[in-house]
Ligand code: UDP
């Protein structure tokens, strides 16, 4: 009963400032996902640019990097069955008009440039982002006692 899929989930500076760390962790915990790593840190410009490399050159790139490096973010790795796709659903869509109530962005955000949280969009991105933000020894392998009540 191993579910090794992992996702990189990050509460952005607006989520930290708005004191939503607990609320967001709670949603992933209650769903049944397992926290594998977490840290509060202020990213360097280099790290922010590497993280968002696919958007380099777009009009929102520079403001996005400035925003992400403006203060602490809460970087996390979560693990569980289909965590990448489910995590994206829990986070909600990028466009504010499409982010449904019940999702994190849909419940707490209004503007695309202040959308509180990042979640990997594919397993490949997750692997890349986890390597970028964490050292291998920061990732905890552990077995929550609840697993048999979450997975059949
Ligand atoms: N973003 C923005 N303006 C835009 C599009 C994106 O400020 O018009 C920011 C927003 O913070 C978003 C991030 O760039 O979360 C990355 O965009 P992406 O399309 O990868 O969205 P996500 O995967 O975060 O939903």
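Residue numbers in this text run from 1 along the chain shown.
From the backbone N, Cα and C atoms, a Cβ is placed for every residue, glycine too.
TrEMBL entries are annotated by machine, without manual review.
According to TrEMBL, the protein carries these features:
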type	residues	note
DOMAIN	4-141	domain 'Nucleoside diphosphate kinase-like'
BINDING	12, 60, 88, 94, 105, 115	ATP binding site
ACT_SITE	118	active site, pros-phosphohistidine intermediate
CB contacts for residue 12 (ATP binding site) [other CB atoms within 10 A, all chains]: 24
For the binding-site residues 94, 115, the one whose C-beta sees the most other C-beta atoms within 10 angstroms: 115
Residues satisfying Cβ distance under 8 Å from residue 118 (active site, pros-phosphohistidine intermediate), sequence separation of at least 6: 8, 9, 10, 12, 91
Neighbouring C-beta atoms (10 Å sphere around the C-beta of residue 105 (ATP binding site)): 23
Neighbourhood of ligand 1 - binding-site residues from 12, 94, 105 with Cβ under 6 Å: 94
Per DSSP, three-state class assigned to residue 12 (ATP binding site): coil
